[in-house]
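Visitor: Before anything else, here's the structure in question.
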Amino acid sequence: MSFNCTKLLLTHSQIWHAATIHPFLQQCKLGTIKTQQFNTWLLQDYLFVVEFTRMLGRVLASAPPHHFELILGGLAALQDELTWFKQKAAERQLNLHTKKQPTCTEYCEYMHSLGTKPYPVQATALWAIELAYNQGWQLPGEMPAPYKEFANRWGNPGFTEYVKLLEQQADEVLETATDDIQQQAEEAFVKIAKFEQDFWQMAFNAA
Ligand code: HMH
């Protein structure tokens, strides 16, 4: 089997499971998550998405022109997402100028470090980051209000399609990448899976 995104998911199924199935999401589905815990996730994710937007800008800068369209669409969606996060924070009377927790800081620093990696590594990382939220919010099934809106943002069919196209773009460049670059892509995938697991867990740390 050739080296591609499907192979990464199969090779690292256990850690990927931990990245996408977490008590935070299960408690959103059950409606039992504490408001304070949900708000902690919301604020940390806003801070994450600011840095993720910058990462996507760097991915664009590294990408071949025939990959621009999808990435530019992703950047436009992130502009909308940042506005939406600010609305959600305002509704909940949360202060966006809050401190990143260590996990969020480390994850953001890691995204920054990806900017100097070969494009196939960046494309794989981008796909993994988006797939984690697509699957994470989708797998529990229909969530009650107010969590339904959040689940829908990353679980909706259009987002699933976007993630599939990201996978195709990553696969295309992984196929012809050197063994060393493929190995770097695999390391990035594993690192992101661990960060995603830790990210959900932050909701249960004291704010
Ligand atoms: C932590 N991972 C995290 N936050 C997000 N918003 C996404 C992935 C997907 O955009």
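Cβ atoms are placed via backbone N, Cα and C, with glycine included.
Keep in mind that what you see is a predicted model, and the values were worked out from it rather than measured.
These came from TrEMBL, pasted as-is:
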- 12-205: domain 'Thiaminase-2/PQQC' (DOMAIN)
- ASP45, GLU81, GLU130: substrate binding site (BINDING)
- GLU196: active site, proton donor (ACT_SITE)
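Could you tell me the structural context for the features on the list?
Guide: The average pLDDT for the domain 'Thiaminase-2/PQQC' (12-205) in the predicted structure is 98.
For GLU81 (substrate binding site), the same-chain residues 6+ apart in sequence whose C-beta sits under 8 angstroms from its C-beta are VAL49, ARG153.
Packing around GLU196 (active site, proton donor) is summarised by its Cβ count: 25 other Cβ atoms lie within 10 angstroms of its Cβ, all protein chains included.
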Visitor: Which residues, in sequence order, are found in the same chain with Cβ within 8 Å of the centroid defined by the Cβ atoms of ASP45, GLU81, GLU130 at the substrate site, excluding those residues themselves?
Guide: PHE48, VAL49, PHE52, LEU78, TYR133, ARG153, TRP154
Visitor: Specify the count of other C-beta atoms within 10 Å of the C-beta of ASP45 (substrate binding site).
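Guide: A 10 Å sphere around the Cβ of ASP45 (substrate binding site) contains 20 other Cβ atoms.
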Visitor: Once near-sequence residues are set aside, which residues in the chain of GLU130 (substrate binding site), 6 or more away, have Cβ atoms under 8 Å from its Cβ?
Guide: GLY74, PHE159, TYR162, VAL163, LEU166
